[in-house]
């Protein structure tokens, strides 16, 4: 039997190698396309954005890890995947800015600046009440439980814990502690709040991706689309409709930092000073 020539052997090897490379590349592309968030935010970038989240000074050290964030986003496939790439990056930057303010551990002279200290806390320190609205009969408080701020968005009040738990598959009224004890659930509650409209409020997601279309009444209240409206949705009763507060400015500063890192502009209407709060 004739032996294969050296040229034939090399050709066969190259065909097999290129086929294997194509297969591996295709699989990588498929994985990326299945998770648009990891395409925009890889683990290295995530740790750069939240530069000090795992410092010893942060009570949430080790809690807000990248894998938990990515796992949580799988329950909200429209987050960070709606619109063109600039819109997607801007939404993620806005979300990161809001959760960073809610969980910040930064101070004026903090290393790397105050806005490098997002995701430092996982629950409210010294809550002033149990955050139980006893008049809400749809989501009644469970005896002995407190509904103070927990997680990246600092989920608060029984009327948020109840529906968040129902949507995510846990008993938020009976087991609110899960939001500070399970990092995936914690991120899911923040994304639930971000993605879910709560009449008369639109969702923060719709505001940031251009799906919010204000009525005449909302235009009269100056509730125009932009990052400032997400602040109004989250904490407008205390921060909006008044001259820009330090809290609002901190949210804006976080947003500017993240938008710069993502390489996108911040868009219009950053503050909510002239907006009527909800």
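Every residue, even glycine, has its Cβ placed from backbone N, Cα and C.
The signal peptide feature in TrEMBL is assigned to 1-30.
Within its own chain, residue 120 (disulfide bond) has 52, 53, 55, 57, 58, 59, 60, 103, 104, 105, 106 as residues 6 or more apart in sequence whose C-beta sits under 8 angstroms from its own. If you look up TrEMBL, you'll see 58-120 (among others) marked as disulfide bond.
Look at TrEMBL and you will find 102 tagged as active site, proton donor. Residue 102 (active site, proton donor) counts 23 other C-beta atoms within 10 Å of its own C-beta, drawing on all protein chains shown.
If you look up TrEMBL, you'll see 132-141 (among others) marked as disulfide bond.
The domain 'Glycoside hydrolase family 19 catalytic' annotation in TrEMBL covers 185-195. Only residues 6 or more beyond the boundaries of the domain 'Glycoside hydrolase family 19 catalytic' (185-195), in the same chain, are considered here, and those with a CB under 8 A from a CB of the stretch are 63-64, 68-69, 71-73, 75-76, 78-79, 95, 98-99, 122, 150-153, 155, 160, 164, 167-168, 170, 178-179, 203-205, 234.
The disulfide bond annotation in TrEMBL covers 240-272 (among others). Taking a C-beta cut-off of under 8 angstroms and a sequence separation of 6 or more, residue 240 (disulfide bond) has the following same-chain neighbours: 228, 231, 232, 248, 272, 273, 275, 276, 277.
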CB within-chain contacts under 8 A for residue 132 (disulfide bond), separation at least 6: 141, 145, 146, 147, 157, 158
